[in-house]
Amino acid sequence: MGRGGALAESVVKKVLLSYAYVAIWIFLSFTVIVYNKYILDRKMYNWPFPITLTMIHMAFCSSIAYLLVNVFKLVEPVSMSRELYLKSVVPIGLLYSLSLWFSNSAYIFLSVSFIQMLKALMPVAVYSIGVLFKKDAFKSDTMLNMVSISIGVAIAAYGEAKFDSWGVLLQLLAVAFEATRLVLIQILLNAKGISLNPITSLYYVAPCCFVFLCVPWLIVEYPLLRDTSSFHFDFVVFGTNALCAFALNLAVFLLVGKTSALTMNVAGVVKDWLLIAFSWSVIKDTVTPINLFGYGLAFLGVAYYNHAKLQGLKAAEAQKKAQQADEEAGRLLEERESDGSAMKSETQS
């Protein structure tokens, strides 16, 4: 009875910790999105320089990651050759810099709620690019699910009160680059047995992103910042914003490490609904019934996609356990046969 009670207490503690990790990640992700919108929106803080903001994040995250890896030794670096870095990390860094640049730029033109609706296309982009790179197998039922998500997002876009084609293009490009980055991580790193957690990922990728972003920054934003004599760098605003961005990476490390990437996907859906509600009630963005209907349709498609992935993971795990059991049974049978042969030879002698 005591043992059963202790087991139940352990299960409850594990569940509560999982919910705590989810809550922390949702809170920090929510905070970073709203904070970025506040800084970049012309009607709020009015600092429409997304490349500079992204570079501040990358510089801050690079510095903290360097300290954690090389100074405090809290995280072990990954053994990586120069050739592997150039062939694997550099392309991923380029895609990440483009994804962040375009994603942050979209906040200048689109509402928070509509951006979250457009982000529902991420599974569509990841699956389509995975099929293109032959990382995922083409399945007609999965593609049908992707089409339903796309239709839902299209309906939401049709009902958007403040539709901006340039902002939509920027967000769609951000989704495409981010999806390509996720697929390339599997191909260029995971397939070679290299796994980067959010800290080591920032350690290797963030400096690369910073360098790539310097090129468009010098052409697009530096001349404007140079001519804006009234601007004074606000260390409180940009420092806390960068700190939130870094804390979000730590939250990802906790959430994925203690639960799973699928849990983060499911939690992401909850976060999206919260952001839509916040955008409508606090920021006073217009959310139309057509918006909600379209996103509701896309939401059902994403929920089914996550459910199918969960079932696939369970099936793969069951198959793995069955294979291990068969291997164990085969090993025991071989041991018995060898023992029987040894006893027979001793009897004959």
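Every residue gets a Cβ built from N, Cα and C, even glycine.
Remember, TrEMBL labels are computer predictions, not curated facts.
Annotated features in TrEMBL:
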COMPBIAS  324-339  compositional bias 'Basic and acidic residues'
DOMAIN    20-306  domain 'Sugar phosphate transporter'
REGION    324-349  region 'Disordered'
TRANSMEM  16-35  transmembrane segment
TRANSMEM  47-72  transmembrane segment
TRANSMEM  84-102  transmembrane segment
TRANSMEM  142-159  transmembrane segment
TRANSMEM  165-189  transmembrane segment
TRANSMEM  201-219  transmembrane segment
TRANSMEM  231-255  transmembrane segment
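Long-range contacts of the transmembrane segment (142-159) within its own chain (CB-CB distance under 8 A, at least 6 residues past either end) are made by residues 114, 117-118, 120-121, 123-124, 127-128, 168, 288-302, 304-305, 308. For the transmembrane segment (165-189), the list of distant contacts is 87-89, 91-92, 95-96, 98-103, 105-106, 108-110, 115, 118-119, 121-122, 125-126, 128-130, 133, 135, 157, 195-196: same-chain residues at least six beyond its ends, Cβ to Cβ under 8 Å.
The stretch from 16-35, 47-72, 201-219 that makes the most Cβ contacts under 8 Å with the transmembrane segment (84-102) is 201-219. This prediction places the mean pLDDT of the domain 'Sugar phosphate transporter' (20-306) at 90.
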